[in-house]
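Enquirer: What Swiss-Prot lists as Ca(2+) binding site is Asn29, Asp32, Thr37, and the listing cites similarity to another entry.
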Amino acid sequence: MRKIDLCLSSEGSEVILATSSDEKHPPENIIDGNPETFWTTTGMFPQEFIICFHKHVRIERLVIQSYFVQTLKIEKSTSKEPVDFEQWIEKDLVHTEGQLQNEEIVAHDGSATYLRFIIVSAFDHFASVHSVSAEGTVVSNLSS
């Protein structure tokens, strides 16, 4: 089974919810595969977004590129709908002045149909997420 970036919109994933949206920096930018685009929060925390894979996947490694994110929680769900999320990963990120935070996480028990990313706190009034990539495999399609 080949490993792919499961989060890319070109692989069928989509951001189905985001707590803030700026028309110049919409949440879809997180998964568009373009390193020049990003999603920005609009102040106040926590902020969150949910990625839907539209299939059952097994994630082995996550890479999150962001700016000013301080504490990040990641929850996962294996339901057909975006419900029943369980706490999966919580990380305190290091502030990197003038450059992107590049957080790589080796994932354990990475079965999911949805991921919810919660930016609990930030180093500034605003934070941005430039990309989320999830290396792994497709387990099965969601049955209707």
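Backbone N, Cα and C atoms are what each Cβ position is placed from, and that goes for glycine too.
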Enquirer: What does DSSP say about Thr37 (Ca(2+) binding site): helix, strand or coil?
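Expert: The three-state answer is coil.
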Enquirer: Which one of the binding-site residues (Asn29, Thr37) has its C-beta surrounded by the most other C-beta atoms within 10 angstroms?
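Expert: Of Asn29, Thr37, the one with the most crowded Cβ is Asn29.
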Enquirer: Among all protein chains shown, how many Cβ atoms are found within 10 Å of the Cβ of Asp32 (Ca(2+) binding site), not counting that one?
Expert: 17
